[in-house]
Amino acid sequence: MSKPSYKVADISLAEWGRKAIIIAENEMPGLMACRKKYGPSKPLKGARITGCLHMTVQTAVLIETLVELGAQVQWSSCNIFSTQDNAAAAIAATGVPVYAWKGETDEEYMWCIEQTLVFPDGQPLNMILDDGGDLTNLVHEKFPQYLKNIKGLSEETTTGVHNLYKMFKEGRLGVPAINVNDSVTKSKFDNLYGCRESLIDGIKRATDVMIAGKVCCVAGYGDVGKGCAQALKGFGGRVIVTEVDPINALQAAMEGYEVTTMEEASKEASIFVTTTGCRDIITSVHLQQMPDDAIVCNIGHFDIEIDVDWLNANAKEKVNVKPQVDRYTMQSGKHIILLAEGRLVNLGCAHGHPSFVMSNSFTNQVLAQIELWTKSDKYAVGVHVLPKILDEEVASLHLEKLGVKLTKLTEKQATYLGVSQTGPFKPDHYRY
């Protein structure tokens, strides 16, 4: 069955998208270094990479890097609200099949992913680049005939990695996978520093709210939660954290945050951010006892953290204030302001993480794709991480842009520490 060569909101936005991509390239030194280092040898030649990851300007730079390295690429977004339509148009205009636009329905979302499985020459995908696991699950559950040709997959985010480990434990994973999320240069940078900037961007664009002085509740204190708590505190918010893990709870307490339950926090906070990657974090009980016009949003991957279905079924009225901002009137007469329908607020209400930090993450993705494509015999079916030396290389590629001058170990110092002068400098279990 024939398919459209692309489907985006408006192809005439391509010129605008190209201007944004050019600016982003200058902020993404890791990806540009990959082009310079690997472009001539085309290590991804023959790879047919199907990607399902937020179709943003930064992702456009990733896609063009994969193409420069020899791959054929097809793309969809991993969230119905996260596409930047100018970026999607710019990539589609280059001939790369893109199926993504901001504001897809759930049915359109799955249709878009399905369009990327078979390439224009009739050949199916042989590599997966995923964010969240929807593409991975679709291939395993609905199109298992393609698994035999797939050399591997790389997964971007915490939620998708949880899915991979669960699949492997249950014997359902059919291909080797690289967990990009747990590269230090991804999780300790994208998850923390990226969210520290993009959360506030999303909340401010959506609501224009003054954060200073307000009580803010952050559900979860992993890397994402840490970044969100820092951001809200930095703007003068009085931050409460909720946690299930005693280690994370202790970390939050020793950073000076109040740590309590959502049952208690929901009575007091004016701004709520869920960051957990788990379901049922803010329930009907919590929503009903929030202060009037409480702002509720999520920065975890899926829309299962806030009980949006209950809100839609039980609120007296729902008013759409503007795209991705809804104000609910509760039975009590109080109001709840929900952002991005409970989906990723930083991408639904803003443009996601800045280019520089995404260069960290996406350089890991490129290296993971090269590893799996060129060294497939090295990787058995299972979930793997990139070697520490590559993690350090990713960090090194981003130092010059920030004016960082790295100290070099002397031979005597290296011998004393028992490491090479060129790394890796830390054991795999080091937590940073």
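Positions of Cβ are set from backbone N, Cα and C atoms, glycine also.
Feature annotations, reproduced from Swiss-Prot:
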type: BINDING; residues: THR56, ASP131, GLU156, LYS186, ASP190; note: substrate binding site
type: BINDING; residues: 157-159, 222-227, GLU243, ASN248, 299-301, ASN346, HIS353, 426-430; note: NAD(+) binding site
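Mapped onto this structure are the features recorded in Swiss-Prot.
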| residue | record | DSSP (3 states) |
| --- | --- | --- |
| THR56 | substrate binding site | coil |
| ASP131 | substrate binding site | coil |
| GLU156 | substrate binding site | coil |
| LYS186 | substrate binding site | helix |
| GLY225 | NAD(+) binding site | helix |
| GLU243 | NAD(+) binding site | coil |
| GLY300 | NAD(+) binding site | coil |
| HIS353 | NAD(+) binding site | coil |
| ASP428 | NAD(+) binding site | coil |
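Rounded to a whole value, the Cα-Cα separation of THR157 (NAD(+) binding site) and ASP190 (substrate binding site) is 10 Å. Comparing C-alpha positions, THR56 (substrate binding site) sits nearest to GLY300 among the binding-site residues GLY222, GLY300, ASP428. Fewest other C-beta atoms within 10 Å: among the binding-site residues GLY222, GLY225, GLY300, that description fits GLY222. Within 10 Å of HIS353 (NAD(+) binding site), as judged by C-alpha distances, the binding-site residues found are ASP190; the full candidate list was ASP131, GLU156, ASP190.
Comparing the Cα of ASP131 (substrate binding site) with the Cα of every entry in GLY222, GLY225, GLU243, GLY300, ASP428, these being the binding-site residues, the smallest distance points to GLY300. Non-local contacts of ASP428 (NAD(+) binding site) by the CB criterion (under 8 A, 6+ apart in sequence, same chain) comprise LYS388. Within the same chain, residues at least 6 positions away in sequence whose Cβ sits under 8 Å from that of LYS186 (substrate binding site) are GLU156, VAL180, ASN360, SER361, ASN364. Listed in sequence order, GLY220, TYR221, ALA249, ALA252, VAL259 are the same-chain residues six or more apart from GLU243 (NAD(+) binding site) with CB atoms under 8 A from its CB. If you measure from the Cα atom of GLY222 (NAD(+) binding site) to that of ASP190 (substrate binding site), you get 12 Å.
Straight-line distance linking the Cα atoms of GLY225 (NAD(+) binding site) and ASP190 (substrate binding site), rounded to a whole number, equals 12 Å.
Counted over all residue pairs in THR56, ASP131, GLU156, LYS186, ASP190, the record's binders of substrate, the longest Cα to Cα distance measures 17 angstrom. Other Cβ atoms within 10 Å of the Cβ of GLU156 (substrate binding site) number 28 in total over all chains.
Here ASP190 (substrate binding site) is positioned 13 angstrom away from GLY300 (NAD(+) binding site), judged by their C-alpha atoms.
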